[in-house]
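Novice: Pasting a structure here, questions to come.
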Amino acid sequence: MNSRLPSRFPPNRSFKLIRSCLESGDLQRARYLFDKVPEPDLRAWTILISAHIQDGFHKKAIEIYATLLGRSIKPDKLLLLSVSKACAASGDVVKAKEIHDDAIRFGFNKDLFLGNALIDMYGKCKCVDGAKRAFDDMVVKDVVSWTSMASCYVNCGMSRQGVLAFREMGLDGIRPNSLTVSSVLPAFADLKELKLGREIHGFVLRTAMEGNVYVSSALVNMYASCMSLRQARLVFDNMSQRDVVSWNVILTAYFLNKECENGLALFHQMRETGIKLNNASWNVVISGCQQNGQNELALDIFNNMQDSGFKPNQITIASLLPACTNLESLRGGKEIHGYAFRHCFIEDMTITTALVLLYAKCGDLELSREVFNMMPIKDVVAWNTMIIANSMHGNGEKSLMLFHKMLDLGIKPNSVTFIGVLSGCSHSQLADEGLMIFNSMTSEYAIKADEDHYSCMVDILSRAGHLEQAYEFIQKMPVEPTASAWGALLGACRVYKNVELGRIAAGRLFEIEPDNPGNYALLSNILATAKMWVEASETRKMMRDKGIAKTPGRSWILVKNKVYSFVVGDKSNEQNEKIYRFLEDIGEKMRLAGYQPNSDFVLQNVDQEVREETLCSHSERLAVAFGILNSSGKSSIRVFKNLRICGDCHNAIKLIAKIVDMQITVRDSFRFHHFRDGYCSCRDFW
């Protein structure tokens with residue numbers, strides 16, 4: 001072809017020249033030639049649009065189609081088929097509806113092939129109403145029509161409707177094919193319809209479809225989702241051919257059924273036997289390990305994935321962030337955040353929401369806020385996460401402010417939203433505000449309060465010191481009070497030294513969860529604080545007689561990417577002598593500042609001197625001392641504890657933070673405490 005092109009082409013040569021360019025793969029030259037044609041015919045428009053679709057330029061193809069309409073050119077059925085594929089690939093439901101309207105306007109909507117394409121297009125755009133409209137317009141429906149409609153239901157999360165469409169298909173005399181079966185089986189998996197799934201399996205065997213890799217893989221997934229792993233493995237083992245998708249399905253099945261070791265063994269087998277892994281294979285294992293509590297292993301496999309030459313994608317990152325959150329690894333979370341930013345994954349709402357939660361749970365609420373504020377779009381899950389983040393850090397007023405801002409922006413709250421807001425009211429002693437929010441759930445938002453919401457309300461009243469009101473609230477609850485509700489009341493009885501209600505709450509808890517050591521220990525503590533040593537001793541004897549052991553207090557801190565753990569009186573740390581010397585030295589400074597140990601928090605009937613010595617060796621105080629000694633000039637440290645922070649340690653750490661001029665954050669089983677300049681963010685209310 002000449003490099004120098006004439007300025008205009010006669011119509012009779014246009015089609016051949018454009019087609020010649022497209023056949024040689026030169027889309028740019030073809031478009032240049034096309035633009036030189038004064039009045040290109042419909043064939044030229046069609047092959048140009050089809051070529052753009054074939055090369056993946058779906059939006060451009062739709063734009064060219066719009067130009068065609070702008071020139072008052074009537075499309076034919078073939079062109080509409082092509083453009084519907086472009087809409088399906090782009091997922092643009094607005095354009096999809098326009099194409100459908102064009103099909104109706106130009107009289108092609110009842111055509112079988114175009115009708116099938118329209119249903120498929122709507123299915124890809126997740127628009128059930130449009131698919132149903134196209135389906136109902138068709139005079140004749142074949143197996144493709146029914147399969148596309150059923151598949152649309154399934155892909156849009158309407159599994160039951162997908163199953164009903166599958167049944168109607170049979171009643172209409174249409175015999176399902178392998179694509180139908182593989183498209184509908186996920187609906188049986190989602191609905192956990194094992195019996196019906198087995199019937200489909202029987203149909204597969206009778207019609208000799210078991211050789212189809214997609215059908216067999218869907219059967220494996222169906223059995224695994226219905227907790228029938230043995231049957232899933234049997235189908236997998238009998239497959240005549242397996243691709244990596246099949247292996248991934250059975251791999252997912254093991255992790256789904258919490259058989260982590262078998263899943264890891266299968267993954268090792270895949271690598272050993274030379275199965276060509278893909279990103280999905282790695283993601284299944286990383287996600288499976290994280291969901292089964294193997295967080296460190298998930299991070300190790302992630303490193304192995306990168307060493308093997310695979311690049312993590314959004315799914316990988318979304319699986320890793322919860323692992324870092326569970327490990328309270330701020331450093332690891334920041335590294336993954338950096339990776340997500342460099343690879344443009346940060347616009348993924350799932351990832352940014354996970355980052356908001358990670359930073360909050362690792363104690364850095366400011367970073368959590370920064371990520372949230374940078375999110376261009378926020379759904380209700382993102383708002384809930386930020387509300388809960390502020391609640392766990394004791395910022396009830398901020399939780400309320402976020403809640404009202406969310407409503408002003410037109411975001412509809414859900415059940416989780418109210419749990420987050422009520423929790424914030426609880427930790428900030430906002431009893432009146434909490435009651436108002438609780439009452440608004442049903443009256444304004446038509447959300448029925450469940451056990452968790454009622455428990456939050458009991459907690460709000462209890463923490464605010466309204467113990468009698470909280471007890472009356474429990475008695476009038478329309479649902480059976482849970483352990484959380486009685487536990488909130490019992491915990492408040494410990495704070496406000498109410499022995500009578502403490503006995504009542506503990507008695508109910510002993511019935512609901514007789515093996516929970518915390519309830520016995522809490523009642524014993526209430527009695528011991530009241531100097532009722534005999535009854536306290538009897539409660540602990542009851543624990544021993546039942547073989548129930550109190551959960552030991554443990555605190556830990558991350559220093560130079562290594563976790564150091566402490567228990568009360570711990571002397572196993574290599575810096576043991578430095579830790580106790582530091583506590584002794586700073587103890588003198590604290591006493592000069594007016595600190596008096598509150599030995600009520602040592603709940604044994606022992607001498608005062610022994611009680612004060614025990615306080616100084618509580619796990620959180622040891623972890624704080626170790627963190628300060630190894631702070632390397634940092635202005636803050638973070639300590640985590642598995643139980644509620646000791647009241648005396650709380651008072652002591654306020655003074656320690658002031659003396660060493662550092663911010664000390666302690667996360668206990670209830671909330672975060674941020675100590676600075678002799679004060680705590682909880683304002684001594686937790």
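Each residue's number is its place along the chain shown, starting with 1.
Heads up, the Cβ atoms here are built off N, Cα and C, so glycines get one too.
Whatever TrEMBL says is automated annotation, not expert-curated.
TrEMBL feature annotations, pasted as is:
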{"type": "DOMAIN", "residues": "594-686", "note": "domain 'DYW'"}
{"type": "REPEAT", "residues": "41-75", "note": "repeat 'PPR'"}
{"type": "REPEAT", "residues": "142-176", "note": "repeat 'PPR'"}
{"type": "REPEAT", "residues": "243-277", "note": "repeat 'PPR'"}
{"type": "REPEAT", "residues": "278-312", "note": "repeat 'PPR'"}
{"type": "REPEAT", "residues": "379-413", "note": "repeat 'PPR'"}
Novice: Summarise the repeat 'PPR' (278-312) as counts of helix, strand and coil residues per DSSP.
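Specialist: The breakdown for the repeat 'PPR' (278-312) reads 26 helix, 0 strand, 9 coil.
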Novice: When DSSP states are grouped into helix, strand and coil, how many residues of the repeat 'PPR' (379-413) land in each?
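Specialist: Result for the repeat 'PPR' (379-413), in helix, strand, coil order: 26 helix, 0 strand, 9 coil.
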Novice: Check the domain 'DYW' (594-686) for me and report the mean pLDDT.
Specialist: 81
